[in-house]
Amino acid sequence: MAASKVKQDMPPPGGYGPVDYRRNLPRRGLSGYSMFGIGVGILVFGYWRLFRWNRERRRLQIEELEARIALLPLLQAEQDRRTLRMLRENLEEEAVIMKDVPGWKVGEKAFHTDRWVPPVTEELFNLRPREEMLQKKFGFQWYV
Amino acid sequence: MPFVDLQSKLGINLDQWLLAQSGEQPQKRAARCHAFQKEWIECAHGIGQNRAKKECNLELEDFYECLHRRKTQQRLYEIRKQKEKMIKEGTYTPPPHHSGNEEARP
């Protein structure tokens, strides 16, 4: 039916232009070796920074320890005073509590020797509420 | 080897460092019952077991007490029991520093 002019979608007169059909895989970017090297370089740089900072932290830690050493006499004296005060209070309370118990010697020592035996936590905190003893024994878990 | 002190003879120290609390400790930190054990060992050394059991009984008792604190615990228990009994009867009230209201001091 060449006589009927049906509107069809036809190519433009003269045909289409040239079509670029070849592969386009350009060689660009770094090679695998250099990428690996960059990764390793970043790692090494990170390690260097870490080691430097760790050395600095060690110096700071040593300074803190030296400050503690300088304060040790004071802390030890306070601790000793506290221990002696608690023992004294326990002794006085024991005298009050056990006055009706027959055959009880107040302040009787459990050792035959005359040496000073550092008291145990249970002994110091015997007459106080149990939480205080537990806090003293187990309250301190770790330094930082 | 029994009866032969091989390590002293050879002048070496293979495992004596881990035998007694009173031996040399790392960081030079003494054990809690160092003194008691040292006294007992010094008392009981070289005189045979039968004599040591007779003569060094006090030192042994002190050492045992330091390790286990049996007598101390028993004593503290009796005090506590008597205190609770008296509190139940109403004849005793614990002072403030024994009931959690201690004034804060350095």
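Using the three backbone atoms N, Cα and C, a Cβ is placed for every residue, glycine included.
Annotated disulfide bond per TrEMBL: B:CYS33-B:CYS66, B:CYS43-B:CYS56, in sequence order. Residues or ranges marked as region 'Disordered' by TrEMBL: B:86-106.
Between the CA atoms of B:CYS56 (disulfide bond) and B:CYS66 (disulfide bond) there is a gap of 16 Å. Less than 8 angstroms from a Cβ of chain A: among the disulfide-bonded residues B:CYS33, B:CYS43, B:CYS56, B:CYS66, that describes B:CYS66. The Cβ of B:CYS66 (disulfide bond) lies under 8 Å from the Cβ of B:ARG32, B:CYS33, B:PHE36, each of which sits 6+ residues away along the same chain. Sparsest Cβ environment among the disulfide-bonded residues B:CYS33, B:CYS43, B:CYS56 (other Cβ atoms counted within 10 Å): B:CYS43.
The DSSP secondary structure for B:CYS33 (disulfide bond) is coil.
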